[in-house]
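Enquirer: Below you will find the structure I want to go over with you.
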Amino acid sequence: MSKISKKRKFPSLFMSFEGYQSWSLPSGLVPDEASPEWLSKGDNAWELTATSFVGLQSVPGLVMLYGSMVKKKWAVNSAFMALYAFAAALLCWVLWAHQMSFGYYKNSPLVGKPVNSLSNVFLLGPTHVHSMLPNADYVFYQFAFAAITVILLAGSLLGRMNFYAWMIFVPLWLTFSYSVAAFTIWGYGFLQHKIIDYAGGYVIHLSSGVAGFTAAYWVGPRHSHDRQHFPPNNIIQILGGAGFLWLGWTGFNGGSPLSAGLVTSLAVINTHICTATSLLVWLALDMVVYKKSSVIGAVQGMITGLVCITPGAGLVDPWAAALMGVMSGSIPWYTMMILHRKSAFFQSVDDTLGVFHTHAVAGVLGGLLSGLFAKPKLLNLMYGNDVYGPGLLHSGGHIHPGLKQMAYQFVGAIFIAAWNAVVTSIICLVISRIVNLRTDEEDLEVGDDAVHGEEAYALWGDGERMPKPRRLCIPLICRRLINLRLMLHAVLLDYCDFRNIYYISHDHCYMLILIYW
């Protein structure tokens, strides 16, 4: 052994700070009180960045998308619903919902104990999951997931829900619906370690799609004229919001491993492969069937691709991600563009932006395909050995584990859909006893100006109150001169009548006035 190799000693896990300092590490990597041994600075930096990406998907991403995708008279209301939900979700999350979703409570199969997550001891301590992050990172990352879920749900209710009802709906739904879904699959619930849901195909997208469709049923349809004619008010801005959504998904799926490792890299590239494929497939179907290359259709295809890859982004091969893109660009297209128009069931519910198709259908599709394509090696990298069964296609000679995993994927989809349908219905019925779920009919005709007293654009048009008739405004001095002229004209006519002068012209009147003066 050379002299150099003898000096190269790696530190033990229990080495003191002084021991690290004596070893030749860069000063920025030496643990100290502010950066303890269990904290990975690289993972911490990436997780905070990924969380920011997810937050930007909601604000300004969905704020822009919703505000632009609706009729002009509902632009302010739609954008504000997203902004309010983001703020309300944060307070609910740190006060009770995070511990309900990821805490532990007496072997409860559905929900954790509703306590706050605000103490420094908790926030600055290590996470309970296998990562090298503080709880503060994990709380904020999961908040961003919760917030975007309830905002996605709002897409089904745009253009008619009473804003005061929405203010009550957000905390109730987050507490009794989302928290249960997160706890049962990601926390300590009865489906823990059974459902492959890498980043929320079931917990986020299936939940938002089913809950949005259910709430749309209870709220009722838009104004009849709006339902027949509801053009977007700014397609260019729609593309801007869609861009935030697409690129933000880098953090959505890339942050789920809670580290900057191999699974993270694979999840990011798979996300974009599936999304691009789905967009192009949706666009091609629009061009073949409707002979038009629709921008709105391309955005819908982008969204279904993002949703479909989410349950298995870091768990499948790139070729499988591309195949999932083909499926997500075609099956939700069929349910939205063909089946929806033919089905009396779908026509009876006014789902404003088709959230059921883009999120519920695509989420279930992604969950089932993840159960089909999930690779054992990637499952082990992400979760550890033998936590989940392999994907059905990777079962090899032992097909039973793969079939069992597919059965779990079906059970998970059924439970999440049923829970959201029932709980959302109960929440809507309770709120309807307090305030009206739907905006008044008169206000539906007006839109933003009636609901918020504000308008998106300073242009008169659809959705604004009829302006009062304008009267000609004549300056005071001009009015006085006119009155003086009329008065003098009347005096002069009396004078001419007294003098027996008839057939006098206006010019002669003025001449006589001057002579008289």
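Glycine is treated like the rest: Cβ placed from N, Cα and C.
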Enquirer: TrEMBL lists transmembrane segment for one of the ranges 43-63, 232-252; which is that range?
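Expert: Here TrEMBL associates transmembrane segment with the stretch 232-252.
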Enquirer: Can you check which of 11-31, 200-220, 494-514 TrEMBL lists as transmembrane segment?
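Expert: Per TrEMBL, the stretch marked transmembrane segment is 200-220.
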Enquirer: With a cut-off of 8 Å between Cβ atoms, can you find at least three pairs linking the transmembrane segment (200-220) to the transmembrane segment (232-252)? Only pairs 6 or more residues apart in sequence count.
Expert: no
Enquirer: Cβ under 8 Å, sequence separation of at least 6 from the ends of the transmembrane segment (232-252): give me the contacting residues as numbers and ranges.
Expert: 49-54, 56-57, 60-72, 75, 199, 268, 271-272, 275, 295-296, 299, 302-303, 306, 310, 456-457
Enquirer: Going through 74-96, 138-158, 295-313 one by one, which has the most CB pairs that fall under 8 Å from the transmembrane segment (352-374)?
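Expert: That would be 295-313.
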Enquirer: Sort out for me which stretch, of 165-188, 295-313, 410-431, has the most Cβ pairs below 8 angstroms to the transmembrane segment (258-283).
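Expert: Selected stretch: 295-313, with the most Cβ pairs under 8 Å.
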